[in-house]
Amino acid sequence: MSIKYPKYPNITIIGAGSYGTAIAIALSRNGHSVLLWGHNAIHIQKLQINRCNQAYLPGIAFPPSLYLEKSLSIALSTCRNLLIAVPSRVFGHVLMRLKPNLKSNTRIIIASKGLEPKTGRLLQDVAYDILGKNIPIAIISGPTFARELAMGLPTAITLASNDTILSCDLQNILHCNKNFRIYSNTDTIGIQIAGVVKNIIAIGAGISDGIGFGSNARTALITRGLVEMSRLGIAIGATLDTFMGLAGLGDLILTCTDNQSRNRRFGILLGQGFEIHHAQKNVGKIIEGFYNIKEVYMLSVKHKVDMPITEQTYQILYQNKNVHDAAHSLLERTQKEEKINGLK
């Protein structure tokens, strides 16, 4: 028997992992009719039967207005607002699958955090390249753990778009006075760079805690990590204000200090002496920072941006550098003046 979906409001979410499911639950609980699609038909069928994502968000029931769909063409057939929440390494592939079925008036909301593998391109640029320059695009990012969002706990994020009319419209659609606050921004570059670099700094902060360096060291890494994030973003065309907001400082603090963060947990295990593959297996889910650090390091070299925490973390992950040696390399750097305006 086919399911008859409501025509409005029209939000389709691509990606039935923890974050995509959490957003779907939050939006449907806040009064929207939401369609959730995932690439694994068996997984979607389980969600339909259980009315819960037991694999990622156990114990959190789906609201009645959250619909599940196995067919991509059907999921896109009534879609006006399309929110994409898939890992960055498959983002381009997913867009290629979406393209033949997209309606001409579809607006894209990118919830994925990361860069295109090997090229280091921003996901917004990947979307423009595949779907065309005229498609309306917004990016959402900020301090959001999936489980807290799905539970209805208060959450605030940033929505960025070059199109201020689109930004205002989507802000009104997604915002909920009860528990989901949306701030608008026009710096799409900054919001994307922040969402990538914060995962790398979280791995570094986790390594520090795993070694046992304590709160002083963690706070220093967060603060200097914010400088690295800002340096890279500004070199690419972002504005400093973005990194002082929810998508920058907010998400950085959350990811570096709370053990719900996969990247932080991964770093802690490395600091405790676990081999990389054992730490990955222990965390059990995709660790975006592990993959994206290659592209971030590549961008830092390309744009001649000094990112010592990123560099040392990269050497730990991909050049077999000992975690203690990496820590000493950071501490032994030449002394310098701290000047935030100049991002020294």
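Cβ from N, Cα, C; glycine included.
Cross-referencing LYS70, LYS198, LYS321 against the sn-glycerol 3-phosphate binding annotation in Swiss-Prot, which names LYS113, GLY142, THR144, ASP251, SER261, ARG262, ASN263, picks out LYS198. Annotated NADPH binding in Swiss-Prot involves SER18, TYR19, HIS39, LYS113, ARG262, ILE286, GLU288 plus, out of the candidates ALA75, ALA146, ALA150, the residue ALA146. DSSP gives ARG262 (NADPH binding site) a helix state.
Neighbours of TYR19 (NADPH binding site), defined as other CB atoms within 10 A of its CB across all chains, total 23.
In this structure, LYS113 (NADPH binding site) belongs to neither helix nor strand by DSSP; it is coil. For ALA146 (NADPH binding site), the spatially nearest entry among the binding-site residues ASP251, SER261, ASN263 is SER261, judged by CA separation.
Taking every pair among LYS113, GLY142, THR144, LYS198, ASP251, SER261, ARG262, ASN263, the residues listed as contacting sn-glycerol 3-phosphate, the largest Cα to Cα separation comes to 16 Å.
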